[in-house]
């Protein structure tokens, strides 16, 4: 029988970012209690030698699985050291891969009482408005004018440590254009 290949989307991530992600997940699972129902699987609990860890996040009757890998082929850059992350949404026997932005929105939808979802309606009805959303990574668009006005009136409180964001885990901070320092008209800036 011939080999059968299965292709998965894996975002290349540096190992320090993966360590930070794991640390935040464990903190909110065991200390703050905000990640109730989440489960963390260590590398020795998996049959795949490339899997470093798995975080299972229940979303109703489905779940989101964030898998970190090690020992992958290195990328084209020196800092791509064979670490990676894949994000999968599973429900019964069906599974599909999702992008980090959608993963953050799903986590936000199931785990947080959000200011933007209910603030406008509550304020019109005269109810007390929750001043902020604890999971800002779940927001990726500009809100309505009403939302922006209410957001300007309330002061959001910062939560330390922040809740782990899948988008932040997979963002490409290495390939962002670098700003060169120098005086106006300098040779380094203009290239002349």
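Glycine too: its Cβ is placed from the backbone N, Cα and C atoms.
Note that the coordinates shown come from a computational prediction; the quantities given were computed from them, not determined experimentally.
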**Study point:** Which listed span Swiss-Prot calls region 'Interaction with host APOBEC3G', if the choices are 25-29, 30-34, 35-39, 40-44
**Key:** 40-44
Point to revise | Other CB atoms within 10 A, centred on residue 96 (phosphothreonine) | key: 8
**Study point:** Mapped DSSP class for residue 96 (phosphothreonine), helix or strand or coil
**Key:** strand
